[in-house]
Structure formats: C-alpha cells, structure tokens
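A.B. asks: Submitted below is the structure of interest, expressed as structure tokens.
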Amino acid sequence: MSSISQNDLSNLDDGSKKEIMTFLESENSKQKVQMSIHQFTNLCFKNCISNVQNADLSSQEEQCLNNCVNRFLDTNIRIVKGLQSIQ
C-alpha cells in the first residue's frame, strides 16, 4: 500500500482536497460508532452474561442486555447534549 506525501496533497485542487476531507471525516465518524458499539457490547456482556451455556440468551440475559445498552445510549446522549449546551 502506498503512502501519500504532503507534496502529493499540495498538488490537489480545492475540490479534491474537500472530497478527501469529507471522506476522512466520514471514516472517522464510522470508527467512533464502531468503538462505541464495541465498548457497550463488552461492558454489557460482562455485566449480563455470567455463564455461556448455549447459543441462545435467557430471557433475563436478554432483558439485562437491552437495559444496559439503552442506559449506555441514554448516558451518551445526555453527555453530548450537555457538551453542546456548554458551547
């Protein structure tokens, strides 16, 4: 895989630079979402699943996971709103 030098970037027109920046921002956003999903999956699995006995979740495990993910999302939304109100 080749790398892009600063010189290569400086040779691009403004439209291409903007397109690359938009692409990078999109990829960065995707990465943040994936990291959040991994984080709450890991946290909720540790909190809700004590013993894996088969491929299916018990009703208690399923309810615990649903509640955990919902609380995680609610908390993140509240934090984002709080940060936005500060700005």
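Even glycines carry a Cβ here, placed using N, Cα and C.
Bear in mind that the values here come from a model prediction, so they are computed numbers and not experimental data.
The following feature annotations were taken from Swiss-Prot:
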type: DISULFID; residues: Cys44-Cys68; note: disulfide bond
type: MOTIF; residues: 44-68; note: motif 'Twin CX3C motif'
type: DISULFID; residues: Cys48-Cys64; note: disulfide bond
A.B. asks: Work out how many Å separate Cys68 (disulfide bond) and Cys48 (disulfide bond) at their Cα atoms, rounded off.
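C.D. replies: Here the two Cα atoms are 8 Å apart.
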A.B. asks: Sequence gap of 6 or more, Cβ distance under 8 Å: name the residues on the same chain that satisfy this around Cys64 (disulfide bond), in order along the sequence.
C.D. replies: Cys44, Asn47, Cys48
A.B. asks: For Cys68 (disulfide bond), what is the tally of other C-beta atoms lying within 10 angstroms of its C-beta?
C.D. replies: 18
A.B. asks: CB neighbours of Cys48 (disulfide bond) within 10 A?
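C.D. replies: There are 19 of them.
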